[in-house]
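Engineer: Submitted below is the structure of interest, expressed as structure tokens.
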Amino acid sequence: MNMNSLKGEHVHKRNAVCILGTGDFGRSLGMRLIKAGYPVIFGSRNPKNSALLPGGAEVFTHADALKRSQIIFLAVHRENYDFLQPLCDLFDGKVLVDVSNNLKINQYRESNAAYLSQLVPKAIVVKGFNTVSAWALQSGNLDANSQVFVCGEDGEAKHLVMDIARSIGLTPLDQGSLLAANEVENYPLQLFPMWRLPFIITAGLTVLIYLYCLVTDVINPYVTKQVDDSYRIVVSIPNRVFPIVSLILLGLVYLPGVMAAFLQLYRGTKYKRFPNWLDRWMLCRKQLGLVALAFAFLHVFYTLIIPIRYSVRWKWMQYTIKESKKNQTAEYNQWWFWSVDLYLAMGIVGFGLFVLLGITSLPSVSNAVNWREFQFVQSKLGHVTLLLCTAHVFVYGSNRFLDISRYKWGLPLPYMLSLVIPCIVLVLKLILITPCVDSKITRIRDRSHGRRSE
Ligand SMILES: NC(=O)C1=CN([C@@H]2O[C@H](COP(=O)(O)OP(=O)(O)OC[C@H]3O[C@@H](n4cnc5c(N)ncnc54)[C@H](OP(=O)(O)O)[C@@H]3O)[C@@H](O)[C@H]2O)C=CC1
Ligand SMILES: [Cu+2]
């Protein structure tokens, strides 16, 4: 009749979940599970001493709790696992989830989950949930870090655990067999794991290109002509480095996607794992994109201040004085007007789309759009952004190349390097969207689907 009775019915459909250990993690997980409608049964060394447990949960001794449920979360530190040995027979055919973390990377020879499955051979051990903190579970603050890695030998057991994860608002990711547990356990101990590669690439590119420009723009004029152009260190050179690095990074965001599509095309199936490096690269695309966006922002700000820079105004003044002394005006150059407006416009629109891409990658926004919308924005719009930004840089540079008198040997090398990866991506993408190749890919994906449902 009313909502409560409906909810009550819903609750009855959920299977009871047992949690061994009433510490921080056990309690937080129990609270979330109860909110999601699961009956929760705690197993504790002191069942009477349980004032802090979430309301609605029941507490028993370990043995009694185990008898009441088919799925068990073990919220106890690895060092204390031996209490399970006498209870071994109660685990027969049950799913046992290992959520434990260690204090150091590779602290033990075998993963905690492997150790557990030796200790309790009758249980079906699944590793998971160790990447969420008790605090995040309790506060419901899962937006930023809702990913949980799950691995185990038994597919059905894994699905059960992944369903539970989903029902409490987490995003489970299947990592394969229990052999992956080592990696899954090391993950939370790494500092910014997804950011490491993007950070190294960005820092490397930035330093190299900066140094190159330093040599060509400051050191070379000083040594050969005794001209002191050292003021370029603070604005001119950074404003060349930022767009170049940004464009290279944006290219690197979309390169693994097109490479993966070609790999599928070559293999004729999409159900074969990608090589490890490609997987890793794909996983840090978002971070690469966000760094690229930050650099694009810097480029925009540095460009906006150009008119108020004293060095620039001084040069304009000198130019005007020179022209008036010669009593002549510069020629009216339509091509020049057009190309400057063109690259500025492409830069603005490209930057606008880039910001849009950044916004849609925020978890709170991507949760609000459905999968197709997200795919559309990130892939279609992403490649259009890349196209516009590449064109922006290309037209900007060709301006200088066509006018040989402005040609400096400092500009071309980093500039041309910045165009290489984006152009490769765009050409490959162009091939991929031609009707003939596109239909081939669709066929591969459809055929794979068919095979899977057989
Ligand atoms: N805290 C966190 O944010 C996270 C924790 N984890 C993992 O969850 C597990 C539990 O962590 P956490 O809750 O923080 O730890 P706590 O120390 O808060 O709780 C551990 C619980 O284990 C039980 N316990 C302790 N010693 C023994 C023993 N000798 N024999 C049997 N049971 C024992 C106790 O429950 P009782 O008194 O009821 O028997 C105790 O409350 C760990 O493996 C940890 O790595 C994973 C991700 C995040
Ligand atoms: Cu620019």
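Even glycines carry a Cβ here, placed using N, Cα and C.
Heads up, TrEMBL stuff is auto-annotated, nobody curated it.
The following feature annotations were taken from TrEMBL:
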type: DOMAIN; residues: 17-102; note: domain 'Pyrroline-5-carboxylate reductase catalytic N-terminal'
type: DOMAIN; residues: 244-388; note: domain 'Ferric oxidoreductase'
type: TRANSMEM; residues: 199-222; note: transmembrane segment
type: TRANSMEM; residues: 242-266; note: transmembrane segment
type: TRANSMEM; residues: 287-308; note: transmembrane segment
type: TRANSMEM; residues: 342-365; note: transmembrane segment
type: TRANSMEM; residues: 377-395; note: transmembrane segment
type: TRANSMEM; residues: 415-437; note: transmembrane segment
Engineer: Counting Cβ pairs under 8 Å that sit 6 or more residues apart, are there three or more between the transmembrane segment (415-437) and the transmembrane segment (242-266)?
Structural biologist: yes
Engineer: Which of 242-266, 287-308, 342-365, 377-395 has the most Cβ pairs closer than 8 Å to the transmembrane segment (199-222)?
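Structural biologist: Highest pair count goes to 242-266.
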Engineer: Below 8 angstroms Cβ to Cβ, which residues of this chain, lying six or more residues outside the transmembrane segment (377-395), approach it?
Structural biologist: 243-244, 246-247, 250-251, 253-254, 257, 296, 339, 342-343, 346-347, 349-351, 353-354, 356-357, 360-361, 369, 415, 418-419, 422-423, 425-426, 429
Engineer: Give me the DSSP three-state residue breakdown of the domain 'Pyrroline-5-carboxylate reductase catalytic N-terminal' (17-102), ordered helix, strand, coil.
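Structural biologist: Within the domain 'Pyrroline-5-carboxylate reductase catalytic N-terminal' (17-102) the tally stands at 32 helix, 19 strand, 35 coil.
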Engineer: Mind checking how the domain 'Ferric oxidoreductase' (244-388) divides into helix, strand and coil residues in DSSP?
Structural biologist: 120 helix, 0 strand, 25 coil
Engineer: So what pLDDT does the domain 'Pyrroline-5-carboxylate reductase catalytic N-terminal' (17-102) average out to?
Structural biologist: 93
